[in-house]
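Accompanying notes for the structure given below.
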Amino acid sequence: MVTGMIIKKIKELTKEEEEKIINRNKANFEEILPTVMEILKDVKEKGDEALKYYTKKFDGVEIEDFKVTDEEIEEAYNSVDYKVVEAIERAKENIYFFHKKQMEQIKDLNVENNGIILGQVVRAIEKVGCYVPGGRAFYPSTVLMTTIPAKVAGCEEIYITSPPTKDGKGNPATLIAGDIVGVSAIYKVGGVQAIGALAYGTETIPKVDIIVGPGNIYVTTAKKMVYGEVAIDFLAGPSEVLIIADETANAEFVALDFIAQAEHDPNASCVITTTSEKKAEEIKNKIFEEIEKAERKEIILKALENSAILIGDLEECIEFSNKYAPEHLEILTKNPEEVLNKIKHAGSVFLGEYSPVPVGDYASGTNHVLPTSQFARMSSGLNVETFLKKITYQKLDKESLKNIADIVITLAEAEGLFGHAEAVRRRLK
């Protein structure tokens, strides 16, 4: 049963073993690129006709009108348990709270330096496309996570695309979440064709300025290929967690959090680093106890191939975590805040035994759209700044222009741009 799962001391890992763990799930875009490019080309050239063709081909349903109607939304409310609606409402409040606090930290700037007025103004991106996955499951939580930061940022138009259900409708909980946030429109289209529609525009779906949201490798590849036509958030892959656990950690909680991540996807990656060999053995045993009871057992067993339990002192665990740059990082130690101070790379961090990853997935208020596959080394998770631009400005009078004219003229002429130099020189005559 333990086949494929590495259990070893960190300092005894071979180079190949360490690379296998750290370089997890590197997407092979090249294999599927021809398929993705063909679909994108068709959507660009044929618009809604291509959307209908690929929706029938991949989703098995014929759809004439992709835009969700008010009647469909009303029907969704009638088909969903009120507890789900209430949970969406409460999650929305927490997510709004945190992202509004983020927004409060982002301010315009106006300063003076040697008589020059310098500044920046913050402006929202106008049109946003939010991709919400479907297929194995539907994710109303992703509706909240992608649309609320855009709302808080002040984006004028926010559109959702999400795959249709087998009866050609939108998933009820997804529709309700979009309605509760108050998006501009929801479209029943998924996959590469949805990304193409948002990037290029069709008769039904407007072209946007930025596309955000997670998806499978086809969706991710499509986002990669339309970047430049539109902005994107980042390229996200299968879900992942790294847990730092010392001897005080509750082995059952560690095992449950491992299972919670592994059940997402057979390609999910789960790594536990612990300071105690005894704790490592205890955690391993608890994991396999929980697997026997799990509903998504086959998926979890497959995910074990991307998993490891590693043993080292606390500094080695922290160093390994920073190399790994996890999407989710749980710190289950005596003093988790002290460990956090040494963390350089992570999408989102969960401190202490009562802060499991699922709270961030749904309701704590932070965002669950996070960088994977080491992208946390250079990317932040989705946040209000994803949907903002900072426009700089400057204002000089004749005196302040005179103070820097020699710098501008000298550098412009050194670069052979004599028109640049003359634009300054003439103003000072």
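The backbone N, Cα and C atoms fix where each Cβ goes, glycine too.
Positions annotated as NAD(+) binding site by Swiss-Prot: Tyr131, Gln193, Asn216. Taking all protein chains in view, 29 other C-beta atoms sit within 10 angstroms of the C-beta of Tyr131 (NAD(+) binding site).
Under the heading substrate binding site, Swiss-Prot lists Ser239, Gln261, His264, His328, Asp361, Glu415, His420. For the recorded site, His420 (substrate binding site), the DSSP three-state label reads helix. Long-range Cβ contacts of His420 (substrate binding site) within its own chain (separation 6+, distance under 8 Å): Val408, Ala412.
According to Swiss-Prot, the feature Zn(2+) binding site maps to Gln261, His264, Asp361, His420, an assignment based on similarity to another entry.
Note: Glu327 (active site, proton acceptor) has non-local neighbours Ser239, Glu240, Val241, Ala346, Gly347, Ser348, Leu370, Pro371, Thr372, Ala376, i.e. same-chain residues 6+ apart with C-beta under 8 A of its own C-beta. Swiss-Prot lists Glu327 (among others) with the feature active site, proton acceptor.
According to Swiss-Prot, the active site, proton acceptor annotation covers His328 (among others), on the basis of similarity to another entry. For His328 (substrate binding site), applying a Cβ distance below 8 Å and a minimum sequence separation of six or more within one chain yields Ser239, Glu240, Val241, Leu242, Gln261, Ala346, Gly347, Ser348, Phe350, Val357, Gly360, Leu370. His328 (substrate binding site) falls within a strand segment according to DSSP.
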If we take the residues Tyr131, Gln193, Asn216 that the record assigns to NAD(+), their largest CA-CA distance in Å comes out at 13
Just to be sure I understand: of Tyr131, Gln193, Asn216, which binding-site residues have a C-alpha no more than 10 angstroms from the C-alpha of His264 (substrate binding site)? none
Could you list the residues of the same chain, at least six apart in sequence, whose Cβ is under 8 A from the Cβ of Gln193 (NAD(+) binding site)? Ile39, Val43, Ala50, Leu51, Tyr54, Thr55, Phe58
Fewest-neighbour residue among binding-site residues, criterion Cβ within 10 Å, set Asn216, Ser239, Gln261: Asn216
